[in-house]
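Asks: Not my notes, these are from TrEMBL:
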ACT_SITE  CYS117  active site, proton donor
BINDING   LYS22, ASN23  phosphoenolpyruvate binding site
BINDING   ARG93, ASP306, VAL328  UDP-N-acetyl-alpha-D-glucosamine binding site
DOMAIN    7-407  domain 'Enolpyruvate transferase'
MOD_RES   CYS117  2-(S-cysteinyl)pyruvic acid O-phosphothioketal
Amino acid sequence: MDKLLIKGGNPLNGEICISGAKNAALPILASTLLAETPSYISNVPNLQDITTMMSLLGRMGIEFVIDEKLNIEAKSHNIHTFTAPYEMVKTMRASILVLGPLVARFGQAYVSLPGGCAIGARPVNLHIEGLTAMGADINVEGGYITAQAKRLHGATIMMDIVTVTGTENLMMAASLADGVTTLENAAREPEVVDLANCLKSMGAHIEGAGTSTIRIEGVEKLSGTDYSVLPDRIETGTYLVAATMTGGKVKVKNTDANLLDAVLLKLLEAGATITRGNDWIELDMQGRRPRAVNIHTSPYPAFPTDMQAQLTAMNAIAEGVGMLTETVFENRFMHISELQRMGAEIRLEGNTAIINGVERLQAAPVMATDLRASAGLVLASLVAEGETLVDRIYHIDRGYERIEEKLTQLGAEIRRSH
Ligand code: EPZ
């Protein structure tokens, strides 16, 4: 199992390029199931989750042509299988995103329930309830969702919890339904907007993406498109936090500062100087130690849960006490026990972590448990005294393209060991 060995103490300086957003590329790849003609998707990050999604779509019959830059042509004229088996879905929960497209275009789907993961039970009841409201006949047994529909019809769907992939699944399904669907309390994440823009370029009629109410007027069929995935705001935020923690100066390029206002505000509060252009952000910490900040995670545009572990790591070495409340997932503090082993002073009270910043963390062997927790541990290693070994980094490879290459480019001492 791969490990990362990181020697702490170097301020990060320099420039890196941000990759396409994993959480936009995944639903956009699934949406190619809806199109009668080929689609060309570019700026797709080279990540394990992307490979998993493509192998799942491939076994359904999508033919892929991929170039060396991972520009992808997807042909969906010969879909012959409508199943997403457990052995694939258990490795990547986002496989659930094939459910809406399969039912909408082919009237049938047999998709394994994703099951929980390290950060929570992560049910998909809202995906199922929404498709049922659109006329799908759904049966859940033996760990599988069996869905059938002659043709989905429009419906008004109130989602009682804001769900990103739930909104995405239902928006894709509604694009080919007969009539108008309104999604109330919809997720507003930029990745939802990116999917909506991609669907519109395929011929879908969608209004309100990015707001809490999305209106979709179904059409008879959708055509392939040529679409470039938006930049990854969480990768962007992660490297900016790395610069803040190490007192360095980093410019992230091929990104969009408008996607992470809540994160940038917190880094300004921590004492960073931030300048921004239309596709870059530069953060300069001028060698200073960050000040502790208080965080309350919530759906977009509030502070993203996917940046919580990274800010926990920053608060661990910041000046002062930081309070951090996680409201989206019920078990997203797995990184805290690992940070405590590095000397962090953190107390958990329910879903709030009270973090008393210390001057220095100590290197220690630590273990990644989920994608963003592992990012938090890598950040902590960058400022710890000594060489930290981060184990089970297959988690990190799911969401960060070439992380050791990009961190080395910024002056970190990091290497992978097998
Ligand atoms: C998406 O997961 C992201 N994944 C997650 O990123 C991200 O953390 C999450 O949204 C929140 O922003 C992808 O986009 C592939 P949710 P998703 O449905 O859609 C509850 C990463 O690090 N819920 O928005 O699965 C659920 O339990 C990953 O890249 C229901 O109760 O998250 C949770 O408490 C981790 N019933 C809350 O809603 C449902 O039917 C938000 O979950 C659906 C969700």
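From the backbone N, Cα and C atoms, a Cβ is placed for every residue, glycine too.
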Asks: Which residues of the same chain, at least 6 positions away in sequence, have a Cβ lying under 8 Å from the Cβ of VAL328 (UDP-N-acetyl-alpha-D-glucosamine binding site)?
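Replies: Spatial neighbours, sequence-distant, of VAL328 (UDP-N-acetyl-alpha-D-glucosamine binding site): THR297, SER298, PRO299, THR305.
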Asks: Please list, in sequence order, every residue of the chain apart from ARG93, ASP306, VAL328 whose Cβ lies within 8 Å of the Cβ centroid of the UDP-N-acetyl-alpha-D-glucosamine site.
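Replies: Those within range, site residues removed, are ILE119, ARG122, VAL164, THR305, PHE329, ARG332.
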Asks: Max Cα-Cα distance in Å among ARG93, ASP306, VAL328, the residues listed as binding UDP-N-acetyl-alpha-D-glucosamine?
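Replies: Looking at ARG93, ASP306, VAL328 as a set, their Cα atoms extend up to 17 Å apart.
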Asks: How many other Cβ atoms sit within 10 Å of the Cβ of ASP306 (UDP-N-acetyl-alpha-D-glucosamine binding site)?
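Replies: There are 23 of them.
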Asks: Same-chain residues six or more away whose CB lies under 8 A from the CB of LYS22 (phosphoenolpyruvate binding site)?
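Replies: Expected: PRO45, LEU47, ASP49, ILE50, ASP232, ARG398, GLY399.
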Asks: To the nearest whole angstrom, state the Cα distance for the pair the residue listed as 'active site, proton donor' and ARG93 (UDP-N-acetyl-alpha-D-glucosamine binding site).
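Replies: Spelling it out, the Cα of the residue listed as 'active site, proton donor' and the Cα of ARG93 (UDP-N-acetyl-alpha-D-glucosamine binding site) are 8 Å apart.
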Asks: Which number gives the other C-beta atoms within 10 angstroms of the C-beta of ARG93 (UDP-N-acetyl-alpha-D-glucosamine binding site), all protein chains shown included?
Replies: 18
Asks: If you count other Cβ atoms within 10 Å of each one's Cβ, which of the recorded positions ASN23, CYS117 has the most?
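Replies: Sorting the candidates by Cβ neighbours within 10 Å, the top entry is ASN23.
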Asks: Please report the distance from the Cα of ASN23 (phosphoenolpyruvate binding site) to the Cα of ARG93 (UDP-N-acetyl-alpha-D-glucosamine binding site), rounded to the nearest angstrom.
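Replies: Answer for this pair: 12 Å between alpha carbons.
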